[in-house]
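S.K.: Okay, handing you the structure first.
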Amino acid sequence: MNKGFAFLAGGLVALAMAGTAIGGSHEDKAAGAAQSAREAQMGLYAFNLGLLGDMAKGTVPYDAAAAQAAASNLAALTALDQSRLWPEGSDEMSIETRAKAEIWDNMDDFMTKGDDLMKAAAAMADVAGNGLEAVQGQIGAVGGACGACHKAYRAPEN
């Protein structure tokens, strides 16, 4: 993994977690820290997937090195252990988040959807540097995996 990316990702997660470490009970702190960390992680997903999507749509020129870096970053992010990001009490009914309570009622399905995204991101990383057509051929699977989870488990924006 690129050292610069690892530093950036670690810094963003640490910053997000530090912002929730003031006040409240231990459970409130843990739920807030988890929510902030997963929001930072999703932001990094979107940052990397956005470039790949823009290349696939032709709104930015295809660049093999940039596509490969974005896909590798996305694959690394989706492979992170997410078990601490979803503690009880970090749903939309408990804190300010779009994570539906259904996640905790259907944790096996939720984690399966996460695994589906990890597999799609790994497949993208395998081909992203091989040409625009390769990115275009895989972008639907990655976007579909994101969308399947969001449709089931993310509340709409207010």
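Using N, Cα and C of the backbone, Cβ positions are placed for all residues, glycine too.
Heads up, TrEMBL stuff is auto-annotated, nobody curated it.
Annotations for this protein, taken from TrEMBL, read as follows:
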{"type": "SIGNAL", "residues": "1-18", "note": "signal peptide"}
{"type": "BINDING", "residues": "CYS146, CYS149, HIS150", "note": "heme c binding site"}
S.K.: Cβ within 8 Å of the heme c site centroid (CYS146, CYS149, HIS150 excluded): which residues?
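M.R.: Surrounding the site, in chain order, are LYS113, LEU117, ALA145, GLY147, ALA148, LYS151, ALA152, TYR153, ARG154.
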S.K.: Can you count the other CB atoms that lie within 10 A of the CB of HIS150 (heme c binding site)?
M.R.: 14
S.K.: Quick check on the binding-site residues CYS146, CYS149: which one has the highest count of other Cβ atoms within 10 Å of its Cβ?
M.R.: CYS146
